[in-house]
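Chemist: For reference, TrEMBL lists these features for the protein:
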{"type": "REGION", "residues": "18-38", "note": "region 'Disordered'"}
{"type": "TRANSMEM", "residues": "43-67", "note": "transmembrane segment"}
{"type": "DOMAIN", "residues": "48-385", "note": "domain 'Amino acid permease/ SLC12A'"}
{"type": "TRANSMEM", "residues": "79-105", "note": "transmembrane segment"}
{"type": "TRANSMEM", "residues": "126-153", "note": "transmembrane segment"}
{"type": "TRANSMEM", "residues": "173-196", "note": "transmembrane segment"}
{"type": "TRANSMEM", "residues": "203-231", "note": "transmembrane segment"}
{"type": "TRANSMEM", "residues": "275-297", "note": "transmembrane segment"}
{"type": "TRANSMEM", "residues": "309-329", "note": "transmembrane segment"}
{"type": "TRANSMEM", "residues": "349-372", "note": "transmembrane segment"}
């Protein structure tokens, strides 16, 4: 069996031996079918799997919710949550590795692997679920991007300040946010229509930007001195709420104060947090592991690239998330972590740097999910399951 030979053949003609006179014709047709495939540009491990997976996992949670997780659950429970979440996704990744190295891989990602291993009945039902999951994941990242844009450029809905800033010019409100999200989603749709190769080239630039932002974030924890952070007005529930919080720098006393959980009311939803709710938010940051598998039709050697690239991305994100949680717990007051989702920008050596990282990573993750959804939809239609 060749590497390109699928585990299950769905065409009835393949179950019969060809006539001797048809061999040359079949060979000619197969060569013609494979010619465009070999001539088209293909992606390797780094550009095709590692970078898309990293950018899908480094998105909303990394820049906007890591403080929320540590501030509510404490460092001990935060690390426990990451261990549980990564145990779950590691089992999924190992299953992907087993299937991807067991036969041919073409366009369709996880759906193609499952349908060729377990049959079209399982593959079709799971493929539709994966399609919906990618669509919902794209919506998640778009909403996170809109939230970040409105935080910086939006006019506060209930602002008591006479002057909000010259850069705060975008109208706020539910329908305005829906309009902004629609525009961003349309941009992702255009990239999806152009092709995955344009996206792969763009992700390298985005990846460099995200690496630069992460470097500035980690560096800021060590070079920034103690400072008082003015909390965003949206987090002030009433006039008696504290309007400032402390960034102490790396101090042992600050770390001790953030070791245990301190569940309180979330200022964006108004609900009382608990372990399950915080874990639900955190687990969104551990998703995105299918970004590399969804690019299976654009990889040079999918059976080689998907296992190694996905495992490398998962290990990298696990280390980064835990290091960032440790540094946040050891340098930021618990009240700051709970009341300022964008605290990484407030304590950064150059605050706009984090904003650029949020915009880049969330937009890239949204495009990756939308491309994955289109690949699955194409594979489902190709197998006449839609």
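Just so it is clear, glycine is given a Cβ too, placed from its N, Cα and C backbone atoms.
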Chemist: Which residues of the same chain, at least 6 past either end of the transmembrane segment (309-329), have a Cβ under 8 Å from a Cβ in it?
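Modeler: Those are 45-46, 48-50, 53-54, 57-58, 62, 66-67, 69-70, 74-75, 78-79, 82, 86, 89-90, 93, 96-97, 214, 217-218, 221, 250, 254-255, 258-259, 285-286, 289, 292-293, 337, 343, in sequence order.
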Chemist: Could you give the mean pLDDT over the domain 'Amino acid permease/ SLC12A' (48-385), rounded to a whole number?
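Modeler: Per the prediction, mean pLDDT sits at 83 for the domain 'Amino acid permease/ SLC12A' (48-385).
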Chemist: In the same chain, who gets a Cβ under 8 Å from the transmembrane segment (203-231) while lying at least 6 residues past its ends?
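Modeler: Same-chain residues near the transmembrane segment (203-231) but 6 or more away: 47, 51-52, 54-55, 58, 63, 242-250, 320, 323-324, 327, 331, 336, 339-340, 343-344, 346-350, 353-354, 356-357, 360-361, 363-364, 368.
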Chemist: Three or more CB pairs closer than 8 Å, sequence separation of 6 or more: does that hold for the transmembrane segment (43-67) against the transmembrane segment (173-196)?
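Modeler: As far as Cβ distances go (cut-off 8 Å, pairs 6 or more apart), the transmembrane segment (43-67) and the transmembrane segment (173-196) do not touch.
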